[in-house]
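*Asks:* What Swiss-Prot records for Gly44, Pro45, Pro46, Gly47, Thr48, Gly49, Lys50, Thr51 is ATP binding site.
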Amino acid sequence: MSELFWFEKYRPRSFDEVVDLEEVKARLRQFVKAGNMPHLLFYGPPGTGKTTMALVLARELYGEYWRENTLELNASDERGINVIRERVKEFARTAPVGKAPFKLVILDEADNMTSDAQQALRRIMEIYAQNTRFILLANYVSGIIEPIQSRTVMIRFSPLPKEAVFARLRYIAENEGVKVSDDALEAIYEFTQGDMRRAINALQIAATVSKAVTEEVVAKALGMVSPRLLRETLYEAVKGSFGKAATQIYGFVADGGVGELEIIKQIHREMLRLDVQEYVKPEIAYIIAEAHYAILRGAHGLTQIYGALAKVRRLLKSV
């Protein structure tokens, strides 16, 4: 197996290689066909393809000259708006290489910038609009000031569907000589929730443990509880022997080395899948959320987990 991070090794280089995101690809292809584009704002959760799509767009626009015509910046890494201004100024003052009518600046984590810094960024975008286009990347559109939102075409990126993640993971596993079971893919998706970057990283970590990646291997590698085993334990806790379930949960922590925070997160997801009346699920979610918050505040993790499960058990017996 290559030592290179698989997420970078298998990052798509063209629109055709990008899984899912059909509507986004269709819009960006129109810009490539026209040879022109507005400023863009890509927003959505981490690992949903924002950076990848920005780089693919650069490749499609500029071909072999995409590196010369593209400047990548990270708002968190740069030392303030003045550094960004100077780097953009230096980049924009030279003509695009090849036949491109403009250069491209990709600014990641733009929502981490202060409002004042974003106001300065807005002015930079206006000053260099004649020969430079910006693609801003953000996890939360609410973190971007309205004057920038109104000057960009906003494109939303959603968590990737399970089928798209599975297809990509199977492709990578086959290329790396790794066997991965369907249960392992389910466990990875459970852990990463549609974040492709985390899913690929999770597969690579699991593959360092064994070239035959199973659900158990994934759980061990990622420091989580096997989803199947957790479901059985939760069923025992709410409908069977509570003492037996408590012993199993203690084992997850003491023997398996799984953190209480990870367990409560997994419990939250699994509890909402219980076969119970829909009106009860918000109450269950609130009980688990209270325990989660208490653990974050420093309360004893196992005590909070046991208490939450006992409350859910009583609730389900009362309905």
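Numbering starts at 1 and runs along the chain as displayed.
Each Cβ is built from the backbone N, Cα and C atoms, and glycine gets one as well.
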*Asks:* Around the ATP site recorded as Gly44, Pro45, Pro46, Gly47, Thr48, Gly49, Lys50, Thr51, what other same-chain residues have a C-beta within 8 angstroms of the site's C-beta center?
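*Replies:* Residues close to the ATP site, other than Gly44, Pro45, Pro46, Gly47, Thr48, Gly49, Lys50, Thr51: Phe42, Asn139, Phe157, Asp195, Met196, Arg197.
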*Asks:* Return the residues near Gly49 (ATP binding site), defined as same-chain residues 6+ apart in sequence whose C-beta is under 8 angstroms from its C-beta, sorted by sequence, else 'none'.
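*Replies:* Those within reach of Gly49 (ATP binding site), by Cβ under 8 Å and sequence separation of 6 or more, are Val18, Asp20, Leu21, Val24, Phe157, Leu160, Met196.
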*Asks:* Return the count of C-beta atoms lying within 10 angstroms of the C-beta of Thr48 (ATP binding site), excluding that atom itself.
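*Replies:* The Cβ of Thr48 (ATP binding site) has 24 Cβ neighbours within 10 Å.
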*Asks:* Kindly assign Lys50 (ATP binding site) to one of the three DSSP-derived states: helix, strand or coil.
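*Replies:* Helix, per DSSP.
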*Asks:* Check the binding-site residues Gly44, Pro45, Pro46, Gly47 for other C-beta atoms within 10 angstroms of each C-beta and report the one with the most.
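*Replies:* Sorting the candidates by Cβ neighbours within 10 Å, the top entry is Gly47.
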*Asks:* Around the Cβ of Thr51 (ATP binding site), how many other Cβ atoms lie within 10 Å? Please give the count over every shown protein chain.
*Replies:* 19
